[in-house]
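Since the structure comes first, as structure tokens, the remarks are kept for the end.
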Amino acid sequence: MARAGPAWLLLAIWVVLPSWLSSAKVSSLIERISDPKDLKKLLRTRNNVLVLYSKSEVAAENHLRLLSTVAQAVKGQGTICWVDCGDAESRKLCKKMKVDLSPKDKKVELFHYQDGAFHTEYNRAVTFKSIVAFLKDPKGPPLWEEDPGAKDVVHLDSEKDFRRLLKKEEKPLLIMFYAPWCSMCKRMMPHFQKAATQLRGHAVLAGMNVYSSEFENIKEEYSVRGFPTICYFEKGRFLFQYDNYGSTAEDIVEWLKNPQPPQPQVPETPWADEGGSVYHLTDEDFDQFVKEHSSVLVMFHAPWCGHCKKMKPEFEKAAEALHGEADSSGVLAAVDATVNKALAERFHISEFPTLKYFKNGEKYAVPVLRTKKKFLEWMQNPEAPPPPEPTWEEQQTSVLHLVGDNFRETLKKKKHTLVMFYAPWCPHCKKVIPHFTATADAFKDDRKIACAAVDCVKDKNQDLCQQEAVKGYPTFHYYHYGKFAEKYDSDRTELGFTNYIRALREGDHERLGKKKEEL
């Protein structure tokens, strides 16, 4: 009997310990739920919810410890819940929410719900930083450090981290200051991280997202005026920016063998200073010029515009040809709209290049002209251009063109909707429109499916496009009965779209078949 006491005590401790540990580690900010009605109510009242479903209480322990710290960091911005599917009371809830923890190696699932509906399964890195970043921007891109290829880049999160690295690092240090939305940064990141791996042990390459206003001091100190800005340091001392050099991994590695200050940029000679037969007009002399010349074709341009640069030689050749004619049919002129803003505003110039024709001082519309031949043909016989082609929205197609006012109500009526957010001027959008239109026509007889489009340039749609986290064109989102389900990132072709939608319908048929079997 003398030995029975300790054995009984040990058993009691073993039984109580898991429960005691969990209660000590789980934050009060994590809501434990077992009743389907409670979860339904919570999803109705909170618009950003991450739910941990676990096979048992023990299986959830590590995640709960991590999520307790996350809950504190996102307090007021997101909600974290826990459902123990091993608990008899919670099994019904897990089944209702389609949580499958039957595989032996699957102990937990993390599901995210937004605006009352399922958004996505959390499949990013299970770390404090990644989950916090996700809950602060559920539709945003993953952190750079989540990329397995970026393991050799030092990722800095705070000014304290930045100052500490400058103080301790003895090796040459190259830091990329970036913003998560910056497309040029995204294009350069794979090269930067490849260079970091190649230079491991010889130099340190670091990355720091300084888009937030909390980093204004750093941006001011190192002249970060745009993204990416790459700065070079030696023994904690800033020397110069990596600028006007190549952006490939090979370029970076080669440059770090012998770091040099930025190469001086050779300023472009303004078109007006190049000479030639094109007349360059200003706010001050424009009106007088078009009065004195009975036939004038004017090109409104911007120095940075690639299409303008491509068109300029053809425009110059046409001007020279007209200049050499004994009985010239007119003259060609140009206006730098970035300098002569009064003229640009007066003639509603919103894109470049834009052509305007003036006959005896009166303005006329001009069709699309881009070559010397077309310019000369037009000047010899200026005529009213053919009516413009109907816009996508004006064409008779099966695509639903939505605006902010009817967006939600229309989508709620369709089980599956693929929405294309676009801008009419966007070349990538123009390329994909025929494919998207053909897809809509292919499914026009299926009442549960729709292909819809939103013109984000329209004033009435700009708030909607911002709410839907549209950061580039075209962007494709899939909605299930009006609720955002996922972003479409597959092939932007008719085949890609139709395969995606067919897979959705096949899933419907499979679920319907299973229900019939159960009945």
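Just so you know, glycine gets a Cβ as well, placed from its N, Cα and C.
The feature disulfide bond is assigned by Swiss-Prot to Cys85-Cys94, Cys182-Cys185, Cys305-Cys308, Cys426-Cys429. The feature domain 'Thioredoxin 1' is assigned by Swiss-Prot to 134-261. Per Swiss-Prot, the feature domain 'Thioredoxin 2' maps to 270-384; the stated evidence is sequence analysis. Annotated domain 'Thioredoxin 3' per Swiss-Prot: 378-506, in sequence order. The feature motif 'Prevents secretion from ER' is assigned by Swiss-Prot to 516-519. Per Swiss-Prot, the feature signal peptide maps to 1-21; the stated evidence is sequence analysis.
Counting in whole angstrom, Cys305 (disulfide bond) lies 15 from Cys426 (disulfide bond) by their C-alpha atoms. For the disulfide-bonded residues given as Cys94, Cys305, Cys308, Cys429, the lowest number of other CB atoms within 10 Å of the residue's CB is seen at Cys305. Residue environment of Cys182 (disulfide bond) contains 16 other Cβ atoms, counted within 10 Å of its Cβ in all protein chains. With DSSP states grouped into helix (H, G, I), strand (E, B) and coil, the domain 'Thioredoxin 1' (134-261) comes out at 53 helix, 26 strand, 49 coil.
Across the domain 'Thioredoxin 2' (270-384), DSSP classifies residues as 43 helix, 24 strand, 48 coil. The two recorded residues, Cys429 (disulfide bond) and Cys182 (disulfide bond), show a Cα separation of 20 Å. Ranking the disulfide-bonded residues Cys85, Cys185, Cys426 by how many other Cβ atoms lie within 10 angstroms of each Cβ puts Cys426 at the bottom. On the backbone, the CA of Cys308 (disulfide bond) and the CA of Cys426 (disulfide bond) stand 16 Å apart. Cys185 (disulfide bond) sits 41 Å from Cys94 (disulfide bond), taking the CA atoms of both as reference points. DSSP assigns Cys429 (disulfide bond) to a helix. Model confidence over the motif 'Prevents secretion from ER' (516-519) stands at 48, taken as the mean pLDDT rounded to a whole number.
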